[in-house]
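Presented below is the structure to which this report refers.
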């Protein structure tokens, strides 16, 4: 979007100087279009310049050889040895059509392996397509002043950036101040101001990146050009992002076939797919390394992507200027999500420290750890495992109390509300962004068929007219062609999901066998070495912990391997489905990859949370699978094991798959390439900007898909199992702080400049997030009811405890078993504890001296009823509260609705009155690009940088540097 920049006031009358047009970053870094003309290539490899004797580094050559026409796009091609004449003819036809469309081309064919076509869009072409595409462009501020000053003379921006009526007329028609706000409103405003003051150290440097505010805009019309602020140098009117977007729009619609026999031989994507071009991309503004000439890319790196800014807010508007709305919207969402993690982290840490505080003081833990209670437990496996003392599980039980306490319920409810508030506040934030970026009326254009779709159906005989475009397109009958493929595709997906379940079963078998093996350590380890004996004893005492951790690590390794397999197969299945448009393709691959990775990551966690220890049976009559006993929960419960599993998979995924692969691997690849490269320094310096950008990795359309998928899975870890791991928000926050800079670094330094695509929202991912937040409510209800000890403790204190305390709770949860009832083959062979006539096990069953023996006791049914009641109450209460919150919080802020309606009205009035003046013969060109210099007289209808986060200097609408940018 075009923008204008008012420089910071210096001395004297300089503060009233005429504002100059900002071309993306020209006001921010002191560079303008003229400064970049008539320059050689900057040659700033590794931060150096081609001429090291010069103090000032050269700017990047972004123009044709004449130094006047800007390069808006680059087309690269290599010699096609298989069909050179076909490729040459296709390029020739395509480029001739581009010239007919008005684009200007210049060639760089210096006998190298790669040849380049430089594309320039003249102002007339840009103006024509801005009219066709109805791009919203800024209007002259003087028009708004002339037409609206009288009507809105009493309106101004208040201390919070909202446009309010400055005066009111009382009953006696005397102007009076607006009534004082309520106490609650004043308290809320003071809280907001306090939060803003606290956030000041986290803001980026506004002297370099001034505040961007919105100005009036309306759809561009070449017949009403007098409404728009067009500078003297017309090439500066359209931003570089818009220029490349318009050029890409033209490239996607030009034919490359002489005859009309092939209807779908058109578009740059089809040419790239057919290999006629090897790449198509806009140029980066310059180099990003230290010592390079100042440019938009370097400014973004220094003040956004650099690791020194990891605790700073993001300059979202400048990201949009450079990369376009789609990428900027992703970073806005990621930044908002990261900010929302702060309160979740604070509450999670509070719950964790509360658990640490009661870990040793809990009555139940003291009873379990007291060796004088002399509770002998039944063996953990048949025959080979010995009897053991309950006090041996002391450390495990204490650790379990950290996460299994009353605060867990509060945290689960809090995270359910947090998930809803996050989604609702994001909708408001998104609405604000849409308004500020002129996306409120954005409609995605009708998508053409995918090149891959057309290639597969090149010889297809069945055609159907597209009801929108009227073009005859290849048609795949649903029941004969599509349904069988979809059925087979999703059947294969079920099979792939079954593989993940099978892997979990294998890990379960490992845990059972490993735990049984570790129980035999005292019998088989006999050494005179103190170190060996101590180590063996330590492993034996922590057999459960060792088994849990190693099994989780094995599971993590399997998950990473399966993810690679799933990724390739998901794309193969989606290609097989032969979907028509890119949106259909993206939605299909999103569903497949998310479903497969969701099963892969969460399958083992769901098993521990809801199935482990629930169907074990009892001593003497254990339920078996494939001849082996099922796993049992430890004396402290399964919640601590669930916590360990969740922590290892979540943190391991972030460290290995996210940070290692995204940070370390690219650096290693770059290091290897540098070592293997035979290019001399002079050869590197001689490369043109388009050659340097060509070497970078292509910015593929699926780049953002993986970033969203990564964060959505993390959101699942946070919300679905938050009751088991209150530290999850902390690890997510730390990861996201790193993730923002990793992604920013990738886009600014490692990838070619992406096309500045437009997007009004985050697409299907919002629906996925909403679905996860609903699943989380059910999941946490069952985790608290079934996996934690919260409900049994509650039942015991309210019904069975004589003094309503937890004294005697451990004995309450332990059932008795007569060891003489063991089958001879199952009776323990190790009797180092002596002859045991009665052992205990964790369950609610009748003792052997009651009839019927070993049947479910009354306490079991009381606890079960309480668990089911808790699930019903928890789910309904949380659902009602979250639904009420969703209903109370409007998707679009009220002040924003008023602002949208006001702007539509004012814009219409401006157009009508200006047209009337034009019809009356007034010279509208005399308005030129004039601006008001008297800030006190200017009606300021522009929206604040963020309705939710008010302006820092509301009285003047200026940033710290005294400058302001309007878009």
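Backbone N, Cα and C define each Cβ position, glycine as well.
Taken from TrEMBL as is:
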type	residues	note
REGION	1-57	region 'Disordered'
DOMAIN	63-316	domain 'Anoctamin dimerisation'
DOMAIN	319-903	domain 'Anoctamin transmembrane'
TRANSMEM	327-356	transmembrane segment
TRANSMEM	407-426	transmembrane segment
TRANSMEM	485-509	transmembrane segment
TRANSMEM	552-573	transmembrane segment
TRANSMEM	593-611	transmembrane segment
TRANSMEM	712-734	transmembrane segment
TRANSMEM	764-786	transmembrane segment
TRANSMEM	864-889	transmembrane segment
REGION	943-967	region 'Disordered'
COMPBIAS	954-967	compositional bias 'Polar residues'
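Using a cut-off of 8 Å between Cβ atoms, the transmembrane segment (485-509) and the transmembrane segment (327-356) share fewer than three residue pairs, counting only pairs 6 or more apart in sequence.
Counting same-chain residues at least six beyond the ends of the transmembrane segment (593-611), those with a Cβ under 8 angstroms from any Cβ of the stretch are 493, 496-497, 500-501, 503-504, 507-508, 552, 555, 559, 562-563, 566-567, 570, 638, 641-642, 645-646, 649, 653, 709, 712-713, 716-717, 720-721, 724, 768, 779, 782-783, 786-787. When Cβ distances are compared across the two stretches, the transmembrane segment (712-734) makes contact with the transmembrane segment (407-426), since 3 or more pairs at least 6 residues apart fall below 8 angstroms. Long-range contacts of the transmembrane segment (864-889) within its own chain (CB-CB distance under 8 A, at least 6 residues past either end) are made by residues 412-413, 416-417, 419-421, 424-425, 428, 773, 777-778, 780-782, 784-786, 791, 794-795. Beyond the transmembrane segment (764-786), the same-chain residues lying 6 or more positions past its ends with a Cβ under 8 Å from any Cβ of the stretch are 408-409, 412, 415-416, 419-420, 423, 426, 587, 590, 594, 609-610, 614, 639, 642, 708, 712, 715-716, 719-724, 867-868, 870-871, 874-875, 878-879, 882. Model confidence over the domain 'Anoctamin dimerisation' (63-316) stands at 79, taken as the mean pLDDT rounded to a whole number.
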